[in-house]
Every structure is written in structure tokens, then in C-alpha cells.
Amino acid sequence: MAVDLLLGLQWGDEGKGKIVDVLTKDYDIIARFQGGPNAGHTLEFDGIKHVLHTIPSGIFHENAINLVGNGVVIDPVIFKKELDNLAQFKLNIKEKLLISRKAHLILPTHRLLDAASEASKGKAKIGSTLKGIGPTYMDKTGRNGIRVGDLELSDWKDRYASLRDKHIDMIDFYDAKIEYNLDELEAEFFKAVEVLKALTFIDSEEYLYQAQQAGKSILAEGAQGSLLDIDFGTYPFVTSSNTTAAGACTGLGVAPGQIAEVFGIFKAYTTRVGSGPFPTELFDEVGATMGRVGNEFGATTGRPRRCGWLDLVALKYAVRVNGVTQLMMMKGDVLSGFDTLKICTHYKYKGKLIEHLPYNIEPENVEPVYFEMKGWSEDLTKMKGDAKLPSELNEYIEYLEKELNVPIKIVSVGPDRTQTVYR
Ligand code: IMP
């Protein structure tokens, strides 16, 4: 049995959590493969809103196993909070939630290093979520990290202490001084580690291999978006993992040939949190309306998201880098009420008209060129299932399908599970 992928194609926050939740009924296993608690996956059903950070979005489905893969970085403190929030649902966490021994741990000092690094960058800061993601992946690739499996060894606290001491020297090295109480942070961390240790740790690549042999269906759930990929995103304003399709192979130990469907999720417009270039960003009332109607505030940090028109140049790039086979368009409802809609089809790059994402999309190099379409005014939020979409929205969708050469199978018209139109 093959593995399907679900990926965000923009700068994150496309609504992956909702779609994983909608799709989970078709899968036996939902697996996260990269990122960590910088993600905030929002799910809404039965009138309740749930935000998950590290735990895969299939956790509320009775029969699905949820796996945190080797490519993920785990902060025990945030993980414990997520588990505390789930306690009311009486889920069998020990059986439903499995954790790769090869996943790396975010230590309290990783978070402090993130803060010190950002503070010292001044205006050039990445706009990190300050969850310690960058420093943890740096220790992973620097071969210094502490992994979940280490918690089963008797000397892990010694290894922890030597890495912590090194981090403290590094924090002192930064010009920007940050205040912290390490005793408090460590007390909280060790308490949370005990909770983590009570969960089920596995050799996840072997588990997934056996699951495939046994005909189980697997959905790999991406976090962040393609434009935040460490290699293909808008570097250096990116996250520290591969958010694109290949990241699922390294983040789970799944062979490339095993990947079947690649579901690509995008919003009907574009948003970004944190710093970095954003060619179609709007600074006017239109952008403000998108933010207000779309409730565009970060699920992890609460920061307002920057909003702008759909960037087809960037979307094409993401579709190609990931080999997307099916598209899902989110937040169609938010575009209701605009007389005219704009889609960026080209960039004017250093004076020339181009259709691909160049090396550098800083504002001084790039001016977006738009195609305009007529908008619609109908409220879409009551639509579900096979509802008939307004003709202007169908034209918008068909235009994108033609340009991207990939079908758009789902149009989401609200945050609830039921506000989903299938095509
Ligand atoms: P970091 O991953 O916390 O280091 O943040 C790096 C950049 O990625 C910042 O611009 C963040 O705002 C952005 N980022 C990280 N995670 C997410 C996410 O889940 N959604 C949207 N943006 C994210």
C-alpha cells in the first residue's frame, strides 16, 4: 500500500489540519514528518475548535494511528500541554499516538538560543515562532542533538547537561542579552519528559514498512508550507526543515517510489506570518478585509498574518517541486464580496516579464503582474458536499486548474469539517 502526502503550498497556515481531519476517515495511519510546535493545526467540529502543534491531526478519529516521525522536533513541554488539552476526550493515547525514537528533542536552551539569535538580528530577524526550531535542527545536523530514544538510556541526563552547558556559552556569546530562569525552565522540562516517557516510542521506519506490507493506508501530514522549505523557500526567511514532498521520505523513512497521491493545499489568496518577501502583499483595505474575514491570526503565536492576492507564479513552483497530483483550495468563502479579484500570473523581475520563481524575490527586484477576474457576492459558508458554487468562483477555479494543470478536488468554505465542497 502506498503513502499519500498532504502539503501546504504557500507560506503555511493553508488549513492542512482541517483537511487531514476530513481525509482521516480514509486512512489507517496519519504521520507528521517535519517541523515541530512552530505549527498550529486548527480543527473545528461539533462547535469546538482544537489547535494541535505536534500531534498529528488524525488524533480525534477513533481508528487512526497517529505517528510523530523521525523528522519532527518535539518540545516535551508543549507536547504535554497538547496532551493535557486532549485529556477531556478520553482517547487511548498510549495506543493511538506513537513517537519515533529518532525524533529530536527541543530543550529549554534551544528556545533561549532562538530568542537570542532573533534579538541579535535586529531588523533582519526571521520572525521565528521562537519555539527553538532552528537551534534544534542545527544540533541535529551538527550531530549534537538528543533524540527521543535517548530518553530510554541511563545516561541521557549527562548528555543533556553537557549540551545545555554548551548552549549557555552560546547564549552568552550573542550581543542581545535575554533574561531567563533556567531552574524553572528545567523543572518544567523534566516534568514534561516524564509524561513523554509514558508514551509509546517506536522504530517508526520499521513500523511504517510493516504497515505498508500489511496493506495499511498512510497519510503523511506536512507542516508549514513549501515557500518556508529550507532549500526551496524564500531563504533565509524560512523554517529549518524540508516542508516539500521529499521531506516526507527523509522524515518518515518512506521510499520515494512508495509515494502515491500528493495533495497540495492552498488558500484562495495568500498569507504569510513573520518576515520575508511577499510580492502580492496588500497594504490597503482589501488586505485588511482578507485578514478580518479570514481571521488571519497565527494559531501558534497569535500574530496577525500579512495578506495578499493569490500568487500563481509561486503556486506553480510549489506544484512542480512537490509533484502535486490533486489540489484543495481553502478559504474560498473569504473572497466573497470583492467586485474584482486579482491573480498574479507573472513577475516583472529586474525589468523583464518572467513566469517562474527566481532566486531572489525581494521587493526591489519583483513587481507582480495581475490577471483580473470578476468576483462573486454569495455567502458560501453554508455550502457543503456537492453544493453548486457561484459561476464566478467556478471560473476562478477553472482558470487555476488550467494554469496549474492539476485538478482542484476540494473547495473549503469555512473552518468546520462540514463546510467542504467536493468537485
Ligand atoms: P520557525 O520555524 O519558528 O523558526 O520560523 C521561521 C519562519 O517560518 C517564520 O517566518 C515563521 O513565522 C514561519 N513559520 C513557522 N511555522 C509556521 C507555520 O506553521 N505557519 C506559518 N508560518 C510558520
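Residue numbering: from 1, along the chain as shown.
Using N, Cα and C of the backbone, Cβ positions are placed for all residues, glycine too.
The active site, proton acceptor annotation in TrEMBL covers Asp13. Per TrEMBL, active site, proton donor is recorded for His41. The active site annotation in TrEMBL covers Lys140. Here TrEMBL flags 12-18, 40-42, Arg305, 331-333, 412-414 as GTP binding site. Residues or ranges marked as Mg(2+) binding site in TrEMBL: Asp13, Gly40. Per TrEMBL, the feature IMP binding site maps to Asp13, Glu14, Gly15, Lys16, Asn38, Ala39, Gly40, His41, Thr129, Arg143, Gln224, Thr239, Arg303. Residues annotated as substrate binding site in TrEMBL: Ala299, Thr300, Thr301, Gly302, Arg303, Pro304, Arg305.
Mapped onto this structure are the features recorded in TrEMBL.
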{"residue": "Asp13", "record": "active site, proton acceptor", "DSSP (3 states)": "coil"}
{"residue": "Asn38", "record": "IMP binding site", "DSSP (3 states)": "coil"}
{"residue": "Thr129", "record": "IMP binding site", "DSSP (3 states)": "coil"}
{"residue": "Gln224", "record": "IMP binding site", "DSSP (3 states)": "coil"}
{"residue": "Ala299", "record": "substrate binding site", "DSSP (3 states)": "coil"}
{"residue": "Val413", "record": "GTP binding site", "DSSP (3 states)": "coil"}
(message) Give me the CA-CA distance between Thr300 (substrate binding site) and Gly40 (Mg(2+) binding site), in Å, as a whole number.
(response) 5
(request) Taking a cut-off of under 6 Å between Cβ and any atom of ligand 1, tell me which of the recorded positions Asp13, Lys18, Asn38, Gln224 pass. (result) Asp13, Asn38, Gln224
(request) Using C-alpha atoms only, work out the spacing between Gly12 (GTP binding site) and Thr129 (IMP binding site) and round it to an integer in Å. (result) 13
(message) Just to be sure I understand the packing, how many Cβ atoms besides its own are within 10 Å of the Cβ of Asp13 (active site, proton acceptor)?
(response) 27
(request) Go through the recorded positions Asp13, Gln224, Arg303, Pro304, Gly332 and tell me which ones have a CA within 10 A of the CA of Gly40 (Mg(2+) binding site). (result) Asp13, Gln224
(message) Measuring Cα to Cα, how far is Gly332 (GTP binding site) from Arg303 (IMP binding site) in Å?
(response) 22
(message) Give me the count of other Cβ atoms within 10 A of the Cβ belonging to Lys18 (GTP binding site).
(response) 25
(request) Could you round the CA separation between Thr301 (substrate binding site) and Thr129 (IMP binding site) to a whole angstrom and send it over? (result) 7
(request) Using only the Cα atoms of Asp13, Glu14, Gly15, Lys16, Asn38, Ala39, Gly40, His41, Thr129, Arg143, Gln224, Thr239, Arg303, which the record gives as binding IMP, return the largest interatomic distance in Å, rounded to a whole number. (result) 33
(request) Could you round the CA separation between Gly15 (GTP binding site) and Pro304 (substrate binding site) to a whole angstrom and send it over? (result) 16
(request) Give the number of CB atoms, excluding that of Gln224 (IMP binding site) itself, located within 10 Å of its CB. (result) 30
(request) Pop the Cα-Cα gap between Thr42 (GTP binding site) and Arg303 (IMP binding site) into the table, whole Å please. (result) 15
(message) Among the binding-site residues Gly15, Gly40, Gly302, Pro304, which residue has the fewest other Cβ atoms within 10 Å of its own Cβ?
(response) Gly302
